[in-house]
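Trainee: TrEMBL feature annotations, pasted as is:
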- 1-36: region 'Disordered' (REGION)
- 53-72: transmembrane segment (TRANSMEM)
- 101-199: domain 'Cytochrome b5 heme-binding' (DOMAIN)
- 205-224: region 'Disordered' (REGION)
Amino acid sequence: MVQTRKQAREATPDSAAASDNSTPSPSPRKSKSKSKAKLIEEEDQVSFGVIDFLRIVLGVVVFSCALSYFIIGDSYVWGQDKFFRKQWNGVRRVFVKPIYMDEATLRLYNGTDETLPIYLSINCTIYDVTEGRAKYGPGGGYSFFAGRDASRAYITGDFKNDLTWDVSGIDEDRVKRALGHWANFFKNHEIYTFVGYLIKDPNNAKKKEPIEGAKDTENKRDEL
């Protein structure tokens, strides 16, 4: 009997080892579940950090705008309204789909109908000049530009007889210089915005030589 107990004691370590080896290992499915849960937790932490950052940025922007308006009184961007409008117009031109308009349709946008914006075209590119209604609307000093393409008049300075897009008969260098000058003026303007393009009607061409002694219109840039 003593021998039997001794054998039992000697067998105990081996039995324990066998028992340890027989302990079931974690299921691969459970391991995957834990890994997935940990990954989701990490993603939530990252997302939370990004949201916090955006909140801080938004708070700074709002505070800056409020402070600017409090100090300056009429600007939320520290007096840089024209600069930001110009940048916005550039971005808008890239993403906004241009409108293609014939001459008859363009004439409807001459300012006589106050429910419609005021458009003008230069070098067959249409711009919205509604913000300049005092100048381009009925009775304004430049109302003759509204609702049409008067590219020739921008070159010759004849705002009575040359209100047409047809620039034939004018020296090419003069066309590039004068018309390019005004085209860039409207393209880069901080208030007037790009609309689209004019579809020319060849039947409306008025081919003639420029008036002798026509005044240079480049010097009147700021007035427009």
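Including glycine, each Cβ sits where the backbone N, Cα and C put it.
If you look at the structure here, what lies around each of the features I listed?
Mentor: Predicted-model confidence for the domain 'Cytochrome b5 heme-binding' (101-199) is 93, expressed as mean pLDDT.
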Trainee: Kindly report the helix/strand/coil residue split of the domain 'Cytochrome b5 heme-binding' (101-199) according to DSSP, in that order.
Mentor: 39 helix, 18 strand, 42 coil
